[in-house]
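Have a look at the structure below, then the notes.
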Amino acid sequence: MSSKAEQKETNQPNGAVVPSVPVNCLTSPDRGQLVEPSDFLRPDGEGVGEVVLESRANAKGVREEDALLENGSQSNESDDTSTDRGPEPASPLKETSFSIGLQVLFPFLLAGFGTVAAGMVLDIVQHWDVFKYVTEVFILVPALLGLKGNLEMTLASRLSTAANIGQMDTPKELWRMITGNMALIQVQATVVGFLASIAAVIFGWIPDGHFSIDHAVLLCASSVATAFIASLVLGMIMIGVIIGSRKMGINPDNVATPIAASLGDLITLALLSGISWGLYKELESKAYVNPLVCAFFVALLPIWVIIAKRNAATREVLYSGWEPVIIAMAISSVGGLILDRTVSDPNFAGMAVFTPVINGVGGNLVAVQASRISTYLHMSGMPGESPETAPRKCPSPCSTFFSSDVNSRSARVLFLLVVPGHLVFLYTISSMQGGHTTLTLIFIVFYMTAALLQVLILLYIADWMVHWMWGRNLDPDNFSIPYLTALGDLIGTGLLALSFHILWLIGDRDSDVGD
């Protein structure tokens, strides 16, 4: 073996240049034994010292590297934060309860005030002619307000996950995600808006047995136009929020979904009220306006479908993402039927103003939790690839709320926000004299009980549902939030109506109903 072939000059960190040989020549297969230096002696005996020093340094470096790798492996096993996809952006796995609460608090309050504003709007517009004579519009309210869960919150969760795992770091990736997702939600908004109007017509016809074609077309035009415009505006806002939060070092999972909800309820309800009122005014003199509005938005569908199909990030959702949004719309419509049956009853005074608040708060909190769990799972791989993170059986309430993992910690934080948040929102409604009702202690107790029970049920279902979907190769970002927010609408409306009914039975509401 030639010495010239064996020895190479290498630059050391201190700037020195010394002869070196390959590490596999200096160490035995177990990387712990030094090869005898005599094997590298030149005939004149020179170079021994340098080779021995180099071999010792290499062996020491190898042993140190092995120790570091071992320690790193042990650390990663305990943290469950490592992936084989290279360095990851900052993740929510290192967050403390205080940091989670601090990041969620402001968007949560902002979202809550948005729902309060939506409740005040509904409390006012319920007396408009279109709501009096086309009462099926009330059935549209939870279904269209639920679009923030079906579409906007799903968009926010999907983009938050993409941002957290580094899929929006380059301008090309960012533009691809924006165009594909915006086209996708326009398709979903148009279809869901149309189906929501059909559900409203059916649910309105079943109890009364009365059907009006003019009212049906009015509901279709109002629903489709509201869904399209609201999704366009809110989608653009969501993209800006997620990009801004990443630049500010804030976890988008904590911010995006509550802000989507804060503006979603108010914008959607204002659009629905204004559009339905305007189309109702045109119903007698210009009956052709309503069909033209429907035809216009339906004619735009092929354009959005083509754009969404060309984007790999949204192609799968375009084909497989319909089941959750349609079923969620149907579930929300049942809540709308409850609202339609109770809002005009004097014994249920206040339902109009409190329903968006209790439903919005519950939906906001569970959407944050579902988005966080989904991001946590995405950091371990793709859906279905990590069976150890997706338990097949229902989790126990103790594991959901009282374990030491980060998702349980965030569930406790979100649950603890319910009472102080609702107290602030109830005080705001009372100070603005909304709801035609006076807040009494027994009413607050019943209201808080309903709100706590709603969020408790939703957080537990979210823990089970997100892991269940993940274990069956379904992306929770696309499938879980529509179901959860729709269940929030149904559970919240049902519990609130039950609370009002109990209060009426015990006589607490009789003296509180105003004009």
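Using N, Cα and C of the backbone, Cβ positions are placed for all residues, glycine too.
Under the heading region 'Disordered', TrEMBL lists 1-94.
The transmembrane segment feature in TrEMBL is assigned to 104-124 (among others). Panel annotation: around the transmembrane segment (104-124), residues 141, 145, 254-255, 258-259, 261-266, 268-270, 273, 352-357, 359-361, 364-365, 368, 413-414, 417, 421-422, 424-425, 428-429, 432, 434-436 of the same chain, lying at least six beyond its termini, place a Cβ under 8 Å from a Cβ of the stretch.
Positions annotated as domain 'SLC41A/MgtE integral membrane' by TrEMBL: 141-275 (among others).
Residues 135-137, 139-140, 143-144, 147, 150-152, 155, 210-211, 215-216, 219-220, 222-228, 230-232, 235-236, 239, 294, 297-298, 300-301, 303-305, 307-308, 311, 314, 317-318, 321-322, 325-326, 329-330, 333-334, 336-337, 340 of the same chain lie 6+ residues outside the transmembrane segment (182-204) yet bring a C-beta within less than 8 angstroms of a C-beta in it. Here TrEMBL flags 182-204 (among others) as transmembrane segment.
Per TrEMBL, the feature transmembrane segment maps to 216-243 (among others).
The transmembrane segment annotation in TrEMBL covers 255-275 (among others).
Annotated transmembrane segment per TrEMBL: 287-307 (among others), in sequence order.
Among residues of the same chain six or more beyond the transmembrane segment (319-339), those with a C-beta under 8 A of the stretch's C-beta atoms are 138-143, 145-146, 149-151, 154, 184, 188, 191-192, 195-196, 199-200, 203, 351-352, 355, 359, 478-480, 482-483, 485-487, 489-490, 492-494, 497. Taken from TrEMBL, the feature transmembrane segment applies to 319-339 (among others).
Annotation source TrEMBL lists domain 'SLC41A/MgtE integral membrane' at 355-498 (among others).
Within its own chain, the transmembrane segment (411-429) is flanked in space by residues 97, 100-101, 104-105, 108-109, 112-113, 115-116, 119-120, 353-354, 357-358, 361, 365, 368-369, 400-402, 435, 439, 444, 447-448, 451-452, 455-456, 459, 463, which lie at least six positions past its ends and keep a Cβ under 8 Å from the stretch. Taken from TrEMBL, the feature transmembrane segment applies to 411-429 (among others).
Within the same chain, residues 354, 358, 361-363, 365-366, 369, 395, 397, 400-401, 411, 414-415, 418-419, 422-423, 426, 484, 487-488, 491-492, 495-496, 498-499, 502-503, 506, 508-509, 512 sit at least 6 positions outside the transmembrane segment (441-461) and bring their C-beta atoms closer than 8 Å to a C-beta of that stretch. Annotation source TrEMBL lists transmembrane segment at 441-461 (among others).
Residues or ranges marked as transmembrane segment in TrEMBL: 481-506 (among others).
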